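Listed in TrEMBL:
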TRANSMEM  98-115  transmembrane segment
TRANSMEM  121-139  transmembrane segment
TRANSMEM  199-215  transmembrane segment
TRANSMEM  269-290  transmembrane segment
TRANSMEM  302-323  transmembrane segment
TRANSMEM  375-394  transmembrane segment
TRANSMEM  420-437  transmembrane segment
TRANSMEM  443-465  transmembrane segment
TRANSMEM  477-496  transmembrane segment
Amino acid sequence: MMYALYLSAYHERKFWFSNRQELEREITFQGDSAIYYSYYKDMLKAPSFERGVYELTHNNKTVSLKTINAVQQMSLYPELIASVLYQATGSNEIIEPVYFYIGIVFGLQGIYVTALFVTSWLMSGTWLAGMLTVAWFIINRVDTTRIEYSIPLRENWALPYFACQVAALTGYLKSNLNSYGELKNINEDIKSDYKGQQWFCYLLMSASTYTFMMMWEYSHYLLFLQAISLFLLDSFSLEQSDKVHEVYKIYIFSLFLGYLLQFENSALLVSPLLSFVIALMLAKCLQLNVKKGTFVAKIMKVINFYLVCTLTVTLNIVMKMFVPHKENGHMLKFLEVKFGLNMTKNFTMNWLLCQESLQAPSQEFFLRLTQSSLLPFYILVLITCFFSVIQVIFRRINSGKSLKETITLEDGQIGERPEIIYHVIHTILLGSLAMIIEGLKYLWTPYVCMLAAFGVCSPELWMTLFKWLRLRTVHPVLLALILSMAVPTIIGLSLWKEFFPRLMTELMELQEFYDPDTVELMTWIKRQAPVAAVFAGSPQLMGVIKLCTGWMVTSLPLYNDDDLLKRNENIYQIYSKRPAEDIYKILTSYKANYLIVEDAICNEVGTMRGCRVKDLLDIANGHAVCEEGDKITYSKHGRFCREVKINYSPYVNYFTRVYWNRSYFVYKINTVISFQS
């Protein structure tokens, strides 16, 4: 609750939110965030919930010449739920819609850090680890969450549920009857408690997995990484196989239920997660009962591993052959170019490559984590746990024995615990991806906070280190207990001294989001433009226009649809060196009535060489050098966005300027062309 209130207070200070008019508040939602919030507004305006859902699933009032199922394509389930809650709870008489909406998201962020707190507590056995997790999360929030940049993002709705799922999975793997000794010696009350813990964790895991899948279209890829972690855990018999396969059943149930409730979303049927889980189930059916530890058993493990990989690829190919689906070809092409397997002059591909979130992490990212002491302790904990897990795996392969039934502190074998093994594998997989694409750091860094806090607060980790170092001068168990309390306390005090004043300063400073040009533009559109008008311009601006005015647009800032990506590329030609006639034909093909030219894009001074929109267009159109050896070509036409401002023929024949301010120039697209000299 404190974290949610902190976010609310920071948001108020950053935007001076309560002192603004509704239009100024809405302008703070930029890009795709504006689209999501606009549909929330549409649901509140609808005469009934059923009518609102129908209009969203058969939406022809957003993008010209295109009817879309906005609920499926944009994963609008959060907006549907928020609108129902707002009206069902009678909040419309108490609070404004925008405050209710952002309040839910801030509340989910509170659940997010609570789930990380619980996970760290479960793993370490002390609440001190949970407190340290939350402290690191908040201090490094620039790298742990995008909530302060864009509130309605799908990940801000979805990742809290994934954190709950991970917490439940941790408890599910941790709860083990073997910890209490042999089954026959267990007291009935303990057995009842154990079953209750198992059922609670299983039900929470099921509910949070399904909810996570409904909230975010890319959720099944993250669950695929989790399934790989569990498969590796199971491959070395490091946890009861039946328990892991129960988790696989949750994946299958969530996928098929999601498929039905997401309007038969074929992307879930052709997802690698479904193919992988089915392959695991088939491989289990084909397994032979072989005595553990023998040479034949080891060979069977290798064969099983190969079988699962082969079946996964085969099943995925077969599913894509027989299940009609929209192939995200642009994503595959992007990955090819990203890893240097291909070169392209395509505008969309190069524009994606230039996005900061799709670049490799910067040095500043690692510097920030180091300054907060997070990265050094994470590396220490990860290395210790990783090598302890490797020891356990080799011991398991050589002896054929399962994990120890009881693990004591004196053993100094933290890698024996299945939940630790799972988290080590999972954080390595997430970290590997985050080292390639910076945007994925928001998936990885929260678990860096959790794992580092667990490690420094865990006596078992310190005992594992002491056992390797063969410490004899001081009693290792006593020293491990002391360090597990002293180290996090020292870290906490140093973080408090250095970062707490900064957090308080942020809350005290009254910032201001001031964008009068955009406010003036939206006001002009609402007052002067016809209701049936269609606007063309950059996708980011079109999202704001859709939210603030409700007018139809030619494109949207969404990148999961090939047709919208093509539209974006065509509309961006207004910043290229193409003739007025070409631009006119492009705009009229989308039934556009007004064109908006942004001075910030037309006269952009990019920080990254060759990443300005106009540079990318020149490369795609052959008006500039793309790579060494290409012939330099020039266009006989000037840059359209500049030439159209001069008001001379042939530009005035096609476009008539009707409004302008310092940032925007609005042109009416002539329906009857009058050729002037």
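Positions of Cβ are set from backbone N, Cα and C atoms, glycine also.
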Selected stretch (most C-beta pairs under 8 A with the transmembrane segment (269-290)) from 302-323, 375-394, 420-437, 443-465, 477-496: 302-323
Top Cβ-contact partner of the transmembrane segment (121-139) among 98-115, 199-215, 420-437, 443-465, 477-496 (pairs under 8 Å): 443-465
Among 98-115, 443-465, 477-496, stretch most in contact with the transmembrane segment (420-437) (C-beta, under 8 angstroms): 443-465
Beyond the flanks of the transmembrane segment (443-465) by at least 6 residues, Cβ under 8 Å: 112, 116, 119-120, 123-126, 128-130, 132-133, 136-137, 140, 143-145, 159, 163, 166, 222, 369, 374-375, 377-378, 380-382, 384-385, 388, 407, 409-415, 417, 423-424, 426-427, 430-431, 433-434, 476-477, 479-481, 483-485, 487-488, 491
